[in-house]
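Pulled from TrEMBL:
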type	residues	note
DOMAIN	3-85	domain 'GST N-terminal'
DOMAIN	92-219	domain 'GST C-terminal'
Amino acid sequence: MAENMTLLWGSGSPPCWRVMIALEEKNLQGYNNKLLSFEKMEHKSQEVLDINARGQLPSFKHGDNNVNESYAACFYLESQFKSQGTKLIPDGAAEQALMYQRMFEGLTFYEKLNAVIYYTWFVPEEERHDSALKRNKEALTAELQLWEDYLQLGSASNLAGPSFSLADVTVFPTVATLFRFGLSAERYPKLGEYYALLKDRPSIKASWPPHWLENPKGQDTLKDI
């Protein structure tokens with residue numbers, strides 16, 4: 001069933017990781033996949049552009065269908081393979097509402113994280129300002145407290161009710177990246193607990209970024225956040 005699927009991806013990219021977790025949860029192992037290098041600009045190769053005109057990863061193809069946006073791919077996989085693997089959209093209205101809310105808030109969370117850890121990557125040297133980076137760090141700190149409070153109110157093992165859902169599929173890679181870049185689990189204990197509870201889930205372990213496995217140490221960019 002997965003033989004007619006192709007995923008072009010980059011190691012450590014949360015958008016790529018979201019799709020890989022969804023594929024694992026829906027029991028779609030065995031798909032064609034190719035690891036590409038952002039550093040070598042392989043995401044701008046013709047191979048990628050043939051699937052994804054934006055020249056971005058992930059680039060995902062199922063038969064004749066291209067679904068490259070990570071959230072769209074996750075919804076697509078749940079919709080097309082509803083009856084197999086993990087049910088990723090709950091039935092109850094309250095849980096479903098919470099799942100959609102946390103999912104889409106997760107995009108803001110990811111943007112605020114990127115604004116700090118990739119500041120020097122995104123902003124040309126002549127346009128960088130300490131005050132801008134300080135504002136970005138303050139915005140991320142406020143965002144982290146929001147998620148800490150969300151987990152305080154609900155189940156620390158899942159973001160939207162008692163079951164693992166698309167909210168976890170899409171937001172966990174952002175949380176994992178936070179800790180990869182040195183976030184303190186003592187300062188953010190609920191996020192730390194959530195990370196610890198889910199990092200050994202089979203779908204997450206199976207799709208763990210290979211370069212993180214090769215170099216488990218990570219970075220300390222967020223140690224003071």
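Indices start at 1 and increase along the chain as displayed.
Placement of Cβ uses the backbone N, Cα and C atoms for every residue, glycine included.
Per DSSP, the domain 'GST N-terminal' (3-85) is made up of 32 helix, 17 strand, 34 coil. In the domain 'GST C-terminal' (92-219), the DSSP tally of helix, strand and coil residues is 91 helix, 0 strand, 37 coil. Confidence for the domain 'GST C-terminal' (92-219), expressed as mean pLDDT, is 92.
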